[in-house]
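Colleague: Under the heading region 'Disordered', TrEMBL lists 1-224. Positions annotated as compositional bias 'Low complexity' by TrEMBL: 1-11. Annotated compositional bias 'Pro residues' per TrEMBL: 12-23, 44-54, 198-213, in sequence order. The compositional bias 'Polar residues' annotation in TrEMBL covers 180-193. Among the features that TrEMBL reports, domain 'Zinc finger Sec23/Sec24-type' is placed at 374-411. Annotated domain 'Sec23/Sec24 trunk' per TrEMBL: 448-685, in sequence order. What TrEMBL lists as domain 'Sec23/Sec24 beta-sandwich' is 693-775. Sequence annotations record features per position, and here TrEMBL assigns domain 'Sec23/Sec24 helical' to 786-889. Look at TrEMBL and you will find 915-985 tagged as domain 'Gelsolin-like'.
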């Protein structure tokens, strides 16, 4: 706005005056006639101009003038006070100096916390605050504020430490060591933006010019964080070729027409309003055609979609600030802001957690906080983590879950052992998303329990005849040195059972074990109060003597009775005062007293709607007993053997509700060395694991989200507290997440806390923190979906549906979910939103979801038909619910290799280990008459030998002259001096060792014209082929396409 001067003379505009805004065409100012770009003409004279200041005195700034954006320390504004001890911390990546907060934006008196907004609020930013931030800070020196006074101390603000002037000369309340820096007083670039990352221009401000379109919560200089992987290309750098635009339909070339691609992206509703546009500076939605091309199965091993967090989301720049996906991963790496958006997308929302993942060679161990300083939010009890914010000069921290302000513990920056200050920014809990605390006494209701192993061994006639007892006794004897016993507190006991219960006194003074027999099965009791459970170090010689003669003690038995129920009750009485593990080795069906089971396998029910009754527990005793065990911190693990019906569905209830594990050995006989080796290896590995004892687990989430369903082996003690008497290594738990309210925050955090006792007797807390951005864009939601985590969650849900309802319902639910995801993507993400389409399209990161769904439909756990015994199906369902994703995906979609023509470097030892050949698609088209192929489903390994295999291959690998001399079936590869034999043995060995579980895959040699049952078993894993009555992969895609075209979404 301009005013006429006294003499009507026009003077040049003041440099502090904002240039005029261009108005609409044909007007010099909005709402006034005139010519474009011309000032408003006065009716009686020249254009209106601003008069000069009178007498050289600068008048007060007009409200229409743009505020002066002074920087701290610049002329006209004093630099905030900074303690000399807190000036060594390097600035955040992407940070830039900003103006300190005004009184309206800084009620607590802290000048610019590192959240970048200049706010110190305990709640998420309000729209009004965001608008103030966009309009810029107010005038640096309000009329009522003396120059140099801290703005946070004015206006009747809430009490808090003021920021003194440089001349005040006073010391802060707490002296900080070098390394706690002045970042507290220098605001960082904001990530507290609207959920979709888009901010409208402030009133009266020019619209931003052309520039890169940023993702949700992004700022310039933000980074893409892929847990456990290298960083993605930075802004302005090229991205991988598959991200350069839409993929062509099968058989159609992709024309390098940028305008056409931009139009396609616009038709997909991306590139505006916070979506990902077509540019080379960020990720983009890449659509691929499913039909007409073989699936790219190598992408099953690719890392999950990147978690796109701003650089300032974490208070440290540690690469370990967000959780590694092997510990915890989300099905969505961008969380929808509203439940309506999640419902619209039809994508499942959940977490897959493996809290006690094994640490292999080359893995980083979990860092341990040893000073017992545990900082937790006083409201929501969240543990301090890399995504909190320090405020008020570092004396308080703001919770990233509920935004409550909490006091920093007084010893947080001090090492009580060395009596020296410590660098706060080097603390493990601020740099690592996965961390363990040594818990103080307030986290204990009793002293930490010792590790207790009570072996309950079936010694009935079937168990002796199959060789299970002899193999178990030998394995336990050879594994005594491997059982964790760091502090000499581990206890061991043995109970054997047939039609009576046999206890063993391991503490006899004579050094010889004494057998105590209890024949009263209606009311079993402990024959003596002591020495039935003894310290491993004290009773070692007696225990070894018992194990050496255990098989001989019952070798002539003809007793076929089995009183498992009373034996479990006796074991519970013995172990419940302490807690521990009951390892039950069972080779026959329980048939006496409580817990007795009957042969209920009915071939007429297999393949019908009533088959699910065979998958449910036949006796309520086992579930009730398991719940009692859980309350007393007792875990039950089942090792099930037998050539006949074993009722895995009923007996697996014990591990399911006590946090245990189930191992199944159908048709076991120790006369086959392969069977004995598998059982011995798995039992030895299992008892030597360092596990977590007497544990409870809780998953917390940001306000607005809640945990709604839990899948895995545990007992739900309260709405969100899981009771785990044992946490085995590499056991997985899946949790479904739902909405309580819409999200108004830019980043959501999930924190898992596992309170447990370690095998060494320490009470510890393992904390896993995962931060994920929030989005309002459907395209970003699809682009962030993790097909591996989705498949893991869907497998657990399908098992739950199959056991509680019908298998048909479980199979239909999987297909319906796949149809929903494809249909929503077609309707909202592609140009062909309505009408039939000749192809199926999905984003690149979900392109293998239909294949994994088909793999589940063809798996023993869910496949239809009347040829699958209920024991095998129940055991497969158990694995579906407990295997970690790294093992579950090969179990659903096996690895398939060609060995006869593999490159020379495959099977050799390189710098990164043994080189593996490339995996192939699971189709019989890949088989050759003279070839050698290997298939691995994480539980078994198959070697397929073609009927035209040349004699040289047979001699080099098997040491036999020709194909006819090869012995098919379960076998062990010979060790020969030939190069090919050594390479194949190395590949088989690595396949067995690369998984993170105790399971030991057995090797089967399948001859092309050999045993028909083995041949069909192998071919059933080639899921891209048709197998009656289930469709091939391409037929299944056609079925999905017809369903999508016939429905509306």
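Easy rule for this one: first residue shown is 1, then count along the chain.
Quick reminder: no glycine exception, Cβ is built from N, Cα and C everywhere.
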Colleague: Considering only Cβ pairs within less than 8 angstroms, which of the stretches 374-411, 448-685, 786-889 has the most against the domain 'Sec23/Sec24 beta-sandwich' (693-775)?
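Modeller: Of the candidates 374-411, 448-685, 786-889, 448-685 scores highest.
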Colleague: Just to be sure I understand, if DSSP states are collapsed into helix, strand and coil, how many residues of the domain 'Gelsolin-like' (915-985) fall in each?
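Modeller: Breakdown, helix to coil: 21 helix, 14 strand, 36 coil.
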Colleague: Between the domain 'Sec23/Sec24 trunk' (448-685) and the stretches 374-411, 786-889, 915-985, work out which stretch tops the count of Cβ pairs under 8 Å.
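Modeller: Per the Cβ count, the answer is 786-889.
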Colleague: DSSP on the domain 'Sec23/Sec24 helical' (786-889): how many residues come out helix, how many strand, how many coil?
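Modeller: Helix, strand, coil within the domain 'Sec23/Sec24 helical' (786-889): 71 helix, 3 strand, 30 coil.
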Colleague: How does the model score the domain 'Sec23/Sec24 trunk' (448-685) in terms of mean pLDDT?
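Modeller: For the domain 'Sec23/Sec24 trunk' (448-685), the model's average pLDDT rounds to 93.
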Colleague: Summarise the domain 'Sec23/Sec24 beta-sandwich' (693-775) by DSSP state, stating how many residues are helix, strand and coil.
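Modeller: In the domain 'Sec23/Sec24 beta-sandwich' (693-775), the DSSP-based counts are 0 helix, 56 strand, 27 coil.
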